[in-house]
Amino acid sequence: MAALEVLFILFVSIASSLASEGVSWLLVYRTENYKRGKANIDRLQIQLDKLVDQESETSSLSKKGNKDKKIEKIEEQLKIANKELSFSKMKSMFAVAISMIALFSYLNRIFDGVVVCKLPFVPIGFLQGISHRTIAGDDYTDCSMTFIYAICSMFIRNNIQLILGTAPPKTKQANPWALPEEKKTR
């Protein structure tokens, strides 16, 4: 019985990820606004990479000053374009979030207090609350639906986005903690 429950949770996770990506495609990815924004980000990123490569090859101080200004201008445009693209995705994310919360609530009622599987390890402290949620007892190798659903949904949704080509653009601006190239070399 436990194997069927795990397979059911996996199936629901895959189906919900596909459905959420379908909703995202309908509301966002097929629109001209999104396609223009993504093309603009790609174009700006190529320009920025080209300028950074040229700057590293340039030795003249006056040329570097001009290039620095151009780089700053393009980085600012890239930041604005990323912001606009994120804003256009907002309605889709809202619809997906509501549907995922409803689905999770439904699954939580079905599997309330049910041990779905046994883990071959004891999860570290902060994961025990997720892996042992709604399960009575102190055996932390017992696993609830919440843990399996959360892990599968995160993994499956990211992979579906990669397969469908709807993953967020990978820009240097995406990591707010990344150091600029100048500061890394010092």
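Every residue, even glycine, has its Cβ placed from backbone N, Cα and C.
Membrane topology per Swiss-Prot: S86 and D139 sit on opposite sides, carrying different topological domain names. Beyond the ends of the topological domain 'Lumenal' (133-142), by six or more residues, the same chain brings 108, 111-115, 118-123 to within a C-beta distance below 8 angstroms of the stretch. Below 8 angstroms of C-beta separation, residues 140, 142-144, 146-147, 150 of the same chain, each at least six residues beyond the ends of the intramembrane segment (123-132), sit close to that stretch. Only residues 6 or more beyond the boundaries of the transmembrane segment (89-108), in the same chain, are considered here, and those with a CB under 8 A from a CB of the stretch are 9, 12, 16, 19-20, 23-24, 27-28, 34, 134, 145-146, 149, 153.
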